[in-house]
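Asker: Encoded as structure tokens, here's the structure I'll be asking about.
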Amino acid sequence: MPSSRTCVGVVFGGASEEHAVSIRSAITVVGALRSEVNNNRFEVIAIYIDQRGRWWPAGVAEAVLKQGQPAKPEQLSTPLAPQGFTKLPEGSERVQVWYPVLHGPNGEDGTVQGLFTLMGQPFVGSGVLGSALSMDKLAMKAAFAAAGLPQVPYFAVDAADLLDTESRQGVAKNLEAKLKYPCFVKPANLGSSVGISKAQNRNELLIGLDKAASLDRRIVVEQGVSARELECAVLGKRELQTSVVGEICFDADWYDYDTKYSENCSHTLIPAPLPEGVEAQIRTLALQACRCVAAHGMARVDFFYNAARNEIWLNEINTLPGFTSQSMYPMLWEASGVTLEELVSQLVITAGE
């Protein structure tokens with residue numbers, strides 16, 4: 001007798017710098033899908049992608065979820081398959097809806113979304129276009145600019161222009177003519193603050209450019225601003241909904257990777273204490289930003305807000321936001337009256353719309 005439960009394939013890990021974050025997010029998502037509330041709705045098949053991009057079946061995936069760490073060599077069957085995707089693991093044929101819990105390149109950038117699209121199967125989150133545009137900060141910012149959405153001044157740098165001392169100095173001089181210190185140097189295609197540097201002077205700018213260039217050919221350099229960091233969650237496909245607005249507070253100089261994912265290094269204010277009308281503006285901008293880049297399913301839209309100037313800037317969109325214990329996306333929906341268990345259920349249902 002066929003099962004009445006929907007079979008959900010949760011894909012996690014991935015060949016990116018955010019592999020460990022993906023594992024932590026997957027633990028939360030799988031736990032919520034297998035909760036007492038959802039147990040009669042969903043059957044979960046976990047699939048693990050190792051750091052070389054190889055896809056592994058449920059046996060390996062469950063071990064990784066249990067240990068909360070990347071797979072050890074002895075856990076992977078030999079001989080090892082070639083690097084990268086070769087075929088879907090055993091058991092995948094039963095999957096009805098795919099749930100990618102992948103952060104960074106090869107998971108959040110439209111590549112795995114393209115695979116699911118070719119397979120003709122529904123999946124959680126944005127499609128190829130929305131994922132690709134939102135992942136690449138330069139493409140995303142160009143779309144925001146074309147739509148007239150507010151953002152801080154920024155400039156693009158190509159890693160090919162940093163190959164020798166004279167070129168590097170020329171790039172730095174050009175940036176200094178356009179931006180003031182401090183500024184932030186970012187790889188265009190990484191998330192979770194991986195590879196980002198804050199530059200207060202020419203030397204730090206050059207170091208930051210080299211660091212970003214080691215991770216990505218496309219580099220963004222943004223004007224630093226004195227601002228609060230606010231976030232809004234978006235859910236839905238045909239009709240997008242927004243959560244309350246939350247604020248990230250931290251003692252560090254800026255919201256880097258360690259601050260983002262370490263216990264007691266930051267705290268949240270949900271809802272964020274904001275002047276009348278500001279939350280409504282941010283929620284409206286969040287919807288406009290998602291529509292601008294064709295993002296749907298789920299997204300977290302990040303903002304900068306300067307109260308003294310009453311100015312709001314779009315920072316970025318994350319189409320596969322984290323689901324760790326420190327992640328804002330599920331917390332924002334919890335504060336908006338949607339439990340974690342109901343949230344993952346809605347995401348799976350939305351995938352089939």
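Residue 1 is the first one shown; counting continues down the chain.
Heads up, the Cβ atoms here are built off N, Cα and C, so glycines get one too.
The following feature annotations were taken from Swiss-Prot:
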- 141-349: domain 'ATP-grasp' (DOMAIN)
- 176-231: ATP binding site (BINDING)
- Asp302, Glu316: Mg(2+) 1 binding site (BINDING)
- Glu316, Asn318: Mg(2+) 2 binding site (BINDING)
Asker: For Lys211, Arg218, listed as binding-site residues, tell me which one has the smallest number of other Cβ atoms within 10 Å.
Answerer: Lys211
Asker: Restricting to the domain 'ATP-grasp' (141-349), report the mean pLDDT as a whole number.
Answerer: 92
Asker: At the Cα level, what's the spacing in Å between Glu176 (ATP binding site) and Asn318 (Mg(2+) 2 binding site), rounded?
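Answerer: On Cα coordinates alone, these residues lie 29 Å apart.
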Asker: Tell me, which binding-site residues from Leu190, Glu204, Arg218, Val225 are within 10 Å of Asp302 (Mg(2+) 1 binding site) if we use the C-alpha atoms?
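Answerer: So the list reads none.
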Asker: About how far apart, in whole Å, are the alpha carbons (Cα) of Ser197 (ATP binding site) and Glu316 (Mg(2+) 1 binding site)?
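Answerer: Cα to Cα, Ser197 (ATP binding site) and Glu316 (Mg(2+) 1 binding site) are separated by 17 Å.
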Asker: Please classify the secondary structure at Cys183 (ATP binding site) using three-state DSSP.
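Answerer: Its secondary structure by DSSP: strand.
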Asker: How many Å separate the Cα atoms of Asn318 (Mg(2+) 2 binding site) and Val225 (ATP binding site)?
Answerer: 21
Asker: Around Glu316 (Mg(2+) 1 binding site), how many other CB atoms lie within 10 A of its CB?
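Answerer: Around the Cβ of Glu316 (Mg(2+) 1 binding site), 19 other Cβ atoms lie within 10 Å.
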Asker: Round to the nearest Å and give the CA-to-CA distance linking Lys211 (ATP binding site) with Glu316 (Mg(2+) 1 binding site).
Answerer: 21
Asker: Enumerate same-chain residues with a sequence separation of six or more from Val225 (ATP binding site) and a Cβ-Cβ distance below 8 A; give 'none' if the list is empty.
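Answerer: Residues satisfying the criterion: Val152, Phe304, Asn306, Trp313.
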Asker: In sequence order, which same-chain residues at least six apart have a C-beta under 8 angstroms from Leu190 (ATP binding site)?
Answerer: Ser16, Glu17, Glu18, Gly104, Pro105, Leu215, Asp216
Asker: Please list residues from the chain of Glu204 (ATP binding site) whose Cβ is under 8 angstroms from its Cβ, counting only those at least six apart in sequence.
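Answerer: Looking at Cβ-Cβ distances below 8 Å from Glu204 (ATP binding site), excluding near sequence neighbours, one finds Ser197, Lys198.
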Asker: For Asp302 (Mg(2+) 1 binding site), what is the secondary structure state per DSSP, taken as helix, strand or coil?
Answerer: strand
Asker: What residues, ordered by sequence, lie under 8 A Cβ-to-Cβ from Cys183 (ATP binding site) and sit at least six positions away in the same chain?
Answerer: Leu175, Lys198, Ala199, Leu205, Val221, Glu222, Gln223, Gly224
Asker: Taking 10 A as the limit, how many CB atoms besides its own sit near the CB of Asn318 (Mg(2+) 2 binding site)?
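Answerer: Its Cβ has 23 other Cβ atoms within 10 Å.
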